[in-house]
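Handing you a structure now.
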């Protein structure tokens, strides 16, 4: 009889634990302890949108940037404390870039007033993402809940694990693979760039000196290029923002994919999905451009997939009373 190696036993244990953790997430997790949590979150997001049209894109980005670093655990929300917490907020992909933390605080306050000590900060991010999408005209879905908050942050992981707007398709695909997501997830989740804004510094190299060639990115539509060069002139502020989707900037629809087909993807990482020769992403972009329902269905599933990345459940982690610091 073949021996059962310790390494195989460990791998099996990890698989069982991982599967068990994901299985513990449920859309009815708070049905008795905080039955109105979804409505509470939606109300605060709706209020925030009245003053800040771009907040929906900002909130979903927080969820994305949280999940890609050690899993969906709310670690991105932790502030520096001068000793044990070196905040992910100060990692290169996040500093002077991620926003919406005040809205998360407002949601947490409202939820704590209704159900003290029950709902995790990471679950608030997941619920706020769904509210942001549906309030912008996108799909609604039953968010799986039951994650708990990590007590530590991983700034180094944020610097290495998060996809960059300057990366090619090979690197983007690898970073998604690293967290258990596939090419369809990559394209579907990139579709969140159908709303929100981006800073000039995230795409200005495409406008004047792409890959140190001294010329603009040849995949950029020339009319769109001229518009972007006016918004982000050489020597201008890198923190000026413009719409990720120039056609319907605050609506969650499939125009993002139509933009890629006409070389109007704002970020290099956007246009790579369509302009990389022979890439499997091209057919997915074409499908989502032609069929908004297909995009919405894939997006919902990919959001669920992303939300399932290594959650802390059971007795692991904690339910923070303040999203900015461990209890």
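Backbone N, Cα and C define each Cβ position, glycine as well.
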Which residue among 287, 308 does Swiss-Prot mark as N-linked glycosylation site?
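Among 287, 308, the residue Swiss-Prot annotates as N-linked glycosylation site is 287.
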Looking at Ca(2+) 2 binding as recorded in Swiss-Prot, which candidate out of 177, 194, 202, 313 goes with 245, 248, 253?
194
Relative to the Cα of residue 36 (N-linked glycosylation site), which of the binding-site residues 66, 69, 71, 73, 75 has the closest Cα?
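It is 73, whose Cα lies nearest.
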Using Cβ-Cβ distances, find the residues under 8 Å from residue 200 (disulfide bond) that belong to the same chain and are at least 6 apart in sequence, listing them in sequence order.
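When sequence neighbours closer than 6 are ignored, residue 200 (disulfide bond) has 231, 232, 236, 237, 238, 239, 240, 241, 242 within Cβ distance under 8 Å.
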Suppose the Ca(2+) 2 site is 194, 245, 248, 253. Which further residues of the same chain have a Cβ inside 8 angstroms of that site's Cβ centroid?
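After dropping the recorded site residues, what remains is 195, 247, 249, 251, 252, 254, 255, 256.
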Restricting the comparison to the recorded positions 34, 171, 193, 221, 291, which residue's C-alpha is spatially nearest the C-alpha of residue 71 (Ca(2+) 1 binding site)?
171
Filter the recorded positions 73, 115, 245 down to the ones within 10 angstroms of residue 193 (heme b binding site), Cα to Cα, kept in sequence order.
245
